[in-house]
Amino acid sequence: MDKGALMPTSDETCCVGGGGGSFSSLRAYGRALAQTPRRLATRACAAASPGEEMSRVRARSGADMARALRWPDLVGLGLGGMVGAGVFVTTGRATRLYAGPAVVVSYAIAGLCALLSAFCYTEFAVDMPVAGGAFSYLRVTFGELAAFLTGANLIMEYVFSNAAVARSFTAYLGTAVGVDAPSKWRIAVPGLPKGFNEVDLVAVGVILLITVCICYSTKESSSVNMVLTAVHVLFILFVIVMGFWRGDGRNLTRPADPEHNPGGFFPHGVAGVFNGAAMVYLSYIGYDAVSTMAEEVERPSRDIPVGVSGSVVLVTLLYCLMAASMSMLLPYDAIDTEAPFSGAFKGSSGWGWVSNVIGAGASLGILTSLMVAMLGQARYLCVIGRSGVMPAWLARVHPRTATPVNASAFLGVFTAALALFTELDILLNLVCIGTLFVFYMVANAVVYRRYVAGAGAGEDEDDRRRGAVPTLAFLLAFSLVALCFTLVWKLAPHGGARTGLLVACGAVAVATVGAFQALVPQARRPELWGVPAMPWVPAASVFLNVFLLGSLDRPSYVRFGFFTAAAALVYVLYSVHASYDADEGAAAALDGAKVLDEDCKWRMGEGEGQTHEDTISPNSIDLAGLSHHGWGKGYERVGWRWQLGVGSPTVGGGHGKITMVLP
């Protein structure tokens, strides 16, 4: 059996997060710092097993999160997370500056690319249904340091973007009630520097209200999100209908100023369509937060694929319809880039009220996107606390509410403090680069995990190394080809030479993926759900994210590098030592644990007053025939508890690994 699945004893728990060991005194911390190189060598690339993530690590939260969500909840959370107020502005900018009426095609391309990336998240979430999202996926694939740097960027992205979005709620709410200047709703503080001198109590109130809601119950939060999202979608459908009703089909091909701007459906050609897709792709960010809810889903193997993919497909359809209706309202060169829809109606006599309706719909979109993002950020921080690299109290799940209360409250207060004073427009590009970097890492991780056998997969260390070398070489080579394509696209002057270089880079990319697929066999295949067309789908996601990363400006990379360096410093000074203590505590727990390898009897309730008994091996159990009992049932033995480790039962049968854990 997998000894790593044993739950922690009190000795282990006291070491997690710095409660003892390296942080018991200044002298102990000094000794720990002296051992930093050795501990970095031990912990930086240490990868946890999926079974360990779902048993011993998850047990550090105390109570379990309630499995109360189904696929409609996940679709609602995905819609709420993606369809925010920013889509109104993004559509106008992409249409006016890049794609013209062909922004509809840009949204379709971006939606397809988002779906490819969502597939990568879905494979991990189904195979390992824990709340950590990308942090957990990278921890079991590339090790602790890569996961920590990714997790730090994720938390940064959520906190800064939520603070900025909450402040924008004040502006959209003002538009809905006819107050165009958001400064009228804010309190000016003389003496503070510009950008920090307007106190926004409305934004703080919204954040704190949502924090209380998500602390109270995940299911109730999902229900509130479903109601708000349904109303928001109705507002969007209203805008779409008004656009088609008031619009003119001739605007799809005719500019307002034909002497200075090209006409046609593709006024800026194919390049404009792809540049527009790069801009509007950021409107799809939010589906990754759905993967953090995997630990609270009733049947992950069914609900997560439908919830994540279904939400991306529905959002793509809504975005394409919105783009088409806006392109019919006005010629592309007459669109207001800051307020495309409301600007179109303000100029029409008797139709100014539509802009107020759009402001009300955008306000609801902000509320739903904030709620989903704050649900996701709390679960990321909770699992980071579980792993031992942050204080353990952040990992606590309240036994009554079954939610990560400490992480939710901490991040809620921190986000509210930022939103109170700070204008965060300058940090939005930093948010984009952090998110795209995480998508890039997850796409690489799903390839690596498929082609490199994990620990306990029946192969020794030499076999793992032999599988890792060609896989890492492929990922590095493919990323470099994608980078070359991006640099040529951005920097090379237009002409035949540029086209030839782009075609050559594309051909090399396709040949690299084809050669890897033909020469390197997969080391494992998912039991329940996997990314189709491996490795083409994740390779396309890698290529896309490298291309989008290349579209960001230089200051974004400077800020990203600075923040990543700060996160690395925290890891060296604190997290690696806290993690080392947690690992030592786990080893001590295992030294005193008894491992039973003989077959034993198990029993489980089949209905009220009924039980069923059978004899099973302690290593695994065939779940065929037990599927109707559902996920998460207990398999009990006197003094021991059997817990589902990987996979879940499916209707009509299926297999899942069972690991034995101490009570």
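All positions are counted from 1 along the displayed chain.
Note that Cβ sites are derived from N, Cα and C of the backbone, with glycine treated the same way.
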36-54, 74-92, 169-187, 587-605 - the range that TrEMBL marks as transmembrane segment: 74-92
Of 98-122, 199-217, 501-521, whichever stretch has the most CB pairs under 8 A to the transmembrane segment (397-420): 199-217
Recorded stretch, among 98-122, 199-217, 306-330, 468-489, 501-521, maximising Cβ pairs under 8 Å relative to the transmembrane segment (265-285): 98-122
Tertiary contacts of the transmembrane segment (468-489), as residues 6+ beyond its ends and Cβ separation under 8 Å: 444, 447-448, 451-452, 498, 501-502, 505-506, 508-509, 512-513, 516, 519-520, 535, 539, 542-543, 546-547, 549-550
Listed stretch, out of 199-217, 224-245, 306-330, that has the most CB pairs under 8 angstroms to the transmembrane segment (98-122): 306-330
Outside the transmembrane segment (224-245), six or more residues from its ends: residues with CB under 8 Å to it: 72-73, 76-77, 79-80, 83, 213, 318, 321-322, 324-326, 328-329, 341, 345, 354, 357-358, 360-361, 364-365, 367-368, 371-372
Mean of pLDDT values spanning the domain 'Cationic amino acid transporter C-terminal' (529-579): 87
